[in-house]
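Since the structure comes first, as structure tokens, the remarks are kept for the end.
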Amino acid sequence: MKAAAGSHDLSEGPDDDAYEGSAAAGAGDAMEDVVIEQVPAPQKVYDPVDILLDYILRHSDATVAIANDEELVELCKAKSQEFPDDIREFLETIQPPIEVNEDGLGMLSHEEIAPETSAQQSDAPRQPASDLVPQPPRAMEEEDTSRPKSGGVIVVSDEHTNGVCSLTYSPDGSWIASGSEDAKLTIWNAETGGYERTCERHNDTVCSLAFSPNSAEIVTGSRDGTAIIWTVSTGQPRAFLNGHRGFVYSVAWSPDGTTIATASVDFTVRIWEAATATERSVIEGHNAIVMLVAYSPDSLRIASASADYSARVWNVADGTQVSVLEGHSGVIYSLAFSPDNRRVVTGSDDGTARIWLAESGAELVTLREHAGSVWAAAFSPDGKQVLSAASDGTVKICDSFSGDLLHTLEGGDALVNAAAFSPEGSRICASFGDNVVRVWDARTGRILGQLAGHSDKVSHLRFSPQGDKIVSSSDDSSLRIWDLNRLLSMV
């Protein structure tokens, strides 16, 4: 995802001078042994998404635009043509329609990006309302043994009728939850792959979700502007978190279970009491849509990332700002705290991953290892290494203190869509543009296996809490659970 502001400039954020003291204070005392890598800045890489953003702003009343390269690819598929050399001329010729919400946020129309699906839906005969009885999805099906082996797949579900937009494991490993474009939250039994229940109260895409630490509840964020807390055992909503004035892009549940954080296109982060669903803080400071929010392991702080190219760290107790992480020249797609709470890693559209001191906002390490947008960035469970995955088709593993490159993991020329460390840190998985998930040994960088079976982009990957399974979701509307022990026995 990438964002841009139109001719009506976004409102200015707080005065930078207000943060000079906190940004510099304590940096040396807090981490004296950290080496700051100085690397020449790379030349700006041509990015076709910039042309798409410009098209949205010029052909609508939007003041802010968001887009990504996958939308360009889907447009080309819809028009049955190769990726054009002249993207500007291509857009002006086909004139794809634009949606603008009440907050002035512009984007390509979903119907235009996926015309085949829309056509199928519109051509289907309409049933009387009394006949529209919801049918539960079938359990995930066992792999067809007549087909060639595709790694260690054990169960497959193709019951989603729309794209899967969010995916997670419960902390106790019992459940898998998926949120989709059809506004549904679906719960699956993680061991058997059996369907458990569908939760329906949102009226637009479920963008994000997070389990409570005890796995008894789950919170979802939606394009309808609400977040909902659900009871997993019944599938019923326990509370509604109302207050945002636009899409809720990201949700997070604190590790100690006491609070929930939500991030929205209304430029705010909100902190809620999990037990009572009351709003504790409305956090303002970003001057563009807030796309990500994450808790520190000790639950005392949250980090947020915005389309204003910055990340910020906040105190959970009172919502006050701790630091501003400024230096990226593109939208931040990924952020995470280190296991010891002291550092934050970010991955950006500018092709870099950066490691920051959470307390002061000091930039400790800049990783310029990629020639494309960094979609994912994460610390290893021991905090000694950092993973970055990018649209250049590579996953890089670097020392998180020195920035030294340790391993380059490749999957051909295809871009990397998602990547993750296993919970114990021994394995790394990543999905590529060829729709294949690859697994490596994190210590040696040796590839352990390839998980083939999806027929479209694999957008989400999650290791089970025990690290022995991976669940993947795809734009082909399916989920797959892969048994890594079975995979390794086939190597």
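A Cβ is built for glycine as well, from the same backbone N, Cα and C atoms used for every other residue.
Remember, TrEMBL labels are computer predictions, not curated facts.
Here TrEMBL gives region 'Disordered' for one range in the set 1-27, 163-189, 244-270: that range is 1-27.
Predicted-model confidence for the repeat 'WD' (199-240) is 97, expressed as mean pLDDT.
As a quick check, the repeat 'WD' (451-485) and the repeat 'WD' (283-324) miss the bar of 3 or more Cβ pairs under 8 A, pairs 6 or more apart, so the two do not touch.
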